[in-house]
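This report concerns only the one structure given below.
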């Protein structure tokens, strides 16, 4: 009752400050009652633009290292390719907190514009024009360092949408990111080495003939340029004043009591909200970030292992799929993910809440992942149908679990600390994602040596370890570990 009364009082007594961009957005949200198609489209486009550069290099990275001549043998190519792939995540891990603090101080819009201009339009082109291994390492590191969009967009999406569309907002962020990681490799695969693939259009003497990996980078940069123009017209959501609420007479006592009830649970002290202290002491935030990192580790390791498992020969327990076959499975999974996150997830979040959605999604992933080694024993249409269904379900459940944690993170802090909070989450997640691919590759190599093992032979061991990671994540969603902010 106190919570409901508090919300009613705050809604009645909200004061809009003249000249404050955040207040203008709040007024707009109060007046606009329909579905937020415009805001949803913008979030989709920006998050998509920031995820494309990350994955677009994977199809041609092997050939790029080979052209640089840095690897003495073919076995060394993967070693050097790993450094280029990890340099992006390392740069992002170093700078994410800094960009979050800057976004809290100077606003979301300047950081979004800086991200699209500096990260995508300049460094992405430079990577495509790399002349040697060290230039490629440096440009990818700068790409990661200026990757300030994702964390800022999480904060922006939670502020530009009305309360009843918060699940839709976080779903849009995670889904657009996942779709970008599917579209990116397709762009890189089709547009790399254009002089060899499309000699009637691109000659060997053209810039794309001399720099065979520049076309996909230039294409993504052109898309980023369009996004930059669109970003010039978006509203700023950060308030430039202290967000205080006033109340009168007997309403004041009720409001104070409700505020005390909601803050004591997270701080243990009267009248001192957790948002006013150190973010590292905000347990609702930190606990959700820890679970988020565990599930992101699983997501990255699964993506790496799925591709290796699908491409590996059947004698090793794989599927003997070509890159086109794997791309087709991922494309179908991306379409299923889009439909689920747009039409189903918001309803599931409203009915169950983010914690239960995360818990159920993680639990359901375990039996599905254990079915993969058995799918490899099938053939023909039955194998294709079962594989696509399993891939869609894993991607849907994984993104749903992560989306629920994004909602919890943004609810755990107020607006003045939301950028820094997402920066901490991005830093921790980047460190986990730096370890994920390397660990997954080592694990898969070990599994191929266990074909005749009595316990967990072959690929059974790989998916068993993935399920252990998921199980840890699900276990951490229970109290007292995971705490949720009462806002």
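In case you wondered, yes, glycine gets a Cβ from its N, Cα and C as well.
Range annotated as transmembrane segment by TrEMBL, chosen from 258-284, 420-446: 420-446. Sequence-remote contacts of a segment are chain residues at least 6 beyond its ends whose Cβ falls under 8 Å from one of its Cβ atoms, and for the transmembrane segment (360-379) they are 295, 302, 309, 314, 317-319, 352, 386-387, 390, 393-394, 397-398, 400-401, 404, 458-460, 463-464, 466-467, 470-471, 473-474, 477. Looking at which of 77-99, 289-309, 329-348 has the most CB pairs under 8 Å to the transmembrane segment (385-408), the answer is the stretch 329-348.
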